[in-house]
Amino acid sequence: MLLLLNQGPLTLLSFHPIFSIRFIRNMEHRNHTDVSEFFLLELTDDPELQSLLFLFFLSMYLVTILENMLIVLNVISDSQFHTPMYFFLSNLSFTDICLSTTTIPKMLMNIQSQSITYTGCITQIYFVLFFASLENFLLAIMAYDRYVAICHPLRYTVIMNTNFCGLLILVSLFISIVDTLLHSLMVLQLTFCADLEIPLFFCEVVQLIKLACSDTLINNILIYFASSVFGGIPVCGIIFSYIRIVSSVLRMPSVGGKYKVFSVCGSHLSVVFLFYGTGLGVYISSALINSSRNTAVASVIYTVVPQMLNPFIYSLRNRDMKVALRKLIDKILMVFQECIL
């Protein structure tokens, strides 16, 4: 984890978690067979369509990486964005890059071969849970940042100081690690029998638990508990922040002031609705639609679409960000041309 600070405002807190997971070997179970790999759902059995899907998801992944990387580089390189709001935005963009990277590259590799090793599956589950949980907390932190800026503008720089912003990120990292480790370690205790087909395009903890032939009661309880606590707290924080923001805005006499506040909060609200909306859509589709392929497609949308659209949403509604991005792209192209010549 790396914290880059200037003498003045902070620029970026980025993180690269490296965790060592020890796998349980030779577990005894009368129906258990040694599991070396799982089988994922096939995107399509049409060779021509496989090529099209490969190019489609590859282009989406590259656009996601490029957009979010530009946001991160822009925040680092331009001093006008060395503020708490853009600090959290850069961390969100970095998290989006990591979340997409945990699923899309492996899914592209599996277009021809739909298998994934046991180790690879557990590792993928770990990082998907980790980055999804971290994004959940980052959205709540960004909502709190807007609440302080709008409801306590005179105390904003005092409250949202460098140390406090760094502490918020560290706490989010810690909670996400604890939440993810609980799920991963519990999954490692499960035993699997003959059915090793995961009805998704990537490994997901709920679907993996369904394949187990050992008792999964504790795992299911843990999932509901973690979803309620670690998922509910950030959501409640977002709701609380925007209730206070709306209450404060309604007391403003100036129409221009109200418009400015809603314009500032509009981007974050759009990202929040996109993140939780796609997640809710995945849950509803898996509960109501008895089709593993439809559920799988919805899951891919959840791990690709929000991450691809987040930078677009923030830059579209932010004139300063659009101007700075154009300048950054011009600099990159200039350096690229010099390298070629």
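The backbone N, Cα and C atoms fix where each Cβ goes, glycine too.
Pulled from TrEMBL, these are the features on record:
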- 52-73: transmembrane segment (TRANSMEM)
- 67-314: domain 'G-protein coupled receptors family 1 profile' (DOMAIN)
- 85-104: transmembrane segment (TRANSMEM)
- 124-144: transmembrane segment (TRANSMEM)
- 156-178: transmembrane segment (TRANSMEM)
- 221-240: transmembrane segment (TRANSMEM)
- 261-284: transmembrane segment (TRANSMEM)
- 296-316: transmembrane segment (TRANSMEM)
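Panel annotation: around the transmembrane segment (261-284), residues 92, 135-136, 139, 142-143, 146, 149-150, 235, 238, 242, 245, 249, 252, 295, 298-299, 301-302, 305-306, 309-310, 313-314, 316-318 of the same chain, lying at least six beyond its termini, place a Cβ under 8 Å from a Cβ of the stretch. Below 8 angstroms of C-beta separation, residues 9-15, 57, 60-61, 64-65, 67-69, 71-72, 75-76, 124, 127-128, 131-132, 134-135, 138-139, 141-142, 145-146, 149, 165, 169, 201-202, 271, 300, 303-304, 306-308, 310-311, 314 of the same chain, each at least six residues beyond the ends of the transmembrane segment (85-104), sit close to that stretch. When pLDDT is averaged over the domain 'G-protein coupled receptors family 1 profile' (67-314), the result is 87.
The largest share of C-beta pairs under 8 angstroms with the transmembrane segment (221-240) comes from 124-144, of the ranges 52-73, 124-144, 296-316.
Same-chain residues lying 6+ beyond the ends of the transmembrane segment (52-73) with a Cβ under 8 Å from its Cβ atoms: 12, 14, 43-44, 89-90, 93-94, 96-97, 100-101, 104-105, 107-108, 111, 300, 304, 307-308, 310-312, 314-315, 321, 325, 328-329.
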